[in-house]
């Protein structure tokens, strides 16, 4: 475990006169957590309401242990109010809602793009809210991928999420994560034939955070465009898309950004391309608002990539979430995240490391990089035993997480709404689940 986290756990447990693994440590860290009030801005499901819960094993009135924000974030409490406002407006004034009310439909997405830009480290005019992630990925690649006879390759990591697989280069076979130096070496060696370097910001399976600044710089040195799929990075880690000079990026908003299943996605095009890179596919919404129906004046930069009017009902929950982010900063969120995930790592290693004296005891290996600079919130845990039964047993006991066959659980304590007590409860529940599964 990282020295700083270890130091904190030892200091707190010494002051409380208990072991660093004690639940008292989690309670103390929660009490002194500067972001703890943000949990109250979200609706945490009760155990009784989760379909897999077995109420003979667990108290159904408690909050569940929700550790799957990497897949679907929790609902912000204000989402329902904002949705109701727009449904009410539609009911009362019909078509006039396009230009009236708290969020006029004709430019509703523009009113929250500044909040989104803060989270990804961009200028407001470099960000657009539109479509879904895969659509944005296609739109951006259509414009940035300009193959020539000599420069036609796309470089991306081997275990990219299925929608990213436009083409692939194998980097280091047999290792779960990629070393930055290996990525840079491939760019250096193959760069003259690479048109686009297209990586995840955070790898969905291993949870590895790539060094986006170094990859961008290396790609640019060889004359490549560099883009990132930030689905698992936006709202999870600090991003500086503008300062790093990233050419383009896109992300969904229903994971760490809590906008609800299938929420509206985001896209970024660096301002340096605003007059040179044009969208390959045009839609009326990419044109100037005043003459949009004539589609006369295409907007410059990422705004010109917009195709259709944005669904107001998807803007509402995203606004509710972005306002919670606006109550703090990505720096503060990241600070808590390092300690929260470090605490999870410490407890996993303490209880579930491989023990030569007990060769038959199930053990857990963390395949996410142990260097906190190379990961976000998520730890991918690889079990020495098949996990389907374990997964079923922890779900019966009120834990929501995510399983990847054959042997990985993705566990993600999200700093906006997860507590140190959630992590401690998870570790206790995992012990019960392992015991039940082995019987």
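Glycine is no exception: its Cβ is also placed from the backbone N, Cα and C atoms.
Quick look at what TrEMBL annotates:
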BINDING   133, 134, 161, 162, 163, 164, 200, 229, 232, 254, 284, 309  pyridoxal 5'-phosphate binding site
MOD_RES   255  N6-(pyridoxal phosphate)lysine
Residue 200 (pyridoxal 5'-phosphate binding site): tally of other CB atoms within 10 A of its CB: 24
Other CB atoms within 10 A, centred on residue 133 (pyridoxal 5'-phosphate binding site): 23
Integer Cα-Cα distance in angstrom, residue 284 (pyridoxal 5'-phosphate binding site) to the residue listed as 'N6-(pyridoxal phosphate)lysine': 29
Inter-residue C-alpha distance, residue 200 (pyridoxal 5'-phosphate binding site) and residue 255 (N6-(pyridoxal phosphate)lysine) (nearest angstrom): 15
Proximal but sequence-remote residues of the same chain as residue 255 (N6-(pyridoxal phosphate)lysine) (Cβ under 8 Å, at least 6 apart): 69, 70, 71, 72, 73, 231, 232, 234, 235, 236
For residue 232 (pyridoxal 5'-phosphate binding site), the number of other Cβ atoms found within 10 Å of its own Cβ: 28
CB contacts for residue 284 (pyridoxal 5'-phosphate binding site) [other CB atoms within 10 A, all chains]: 13
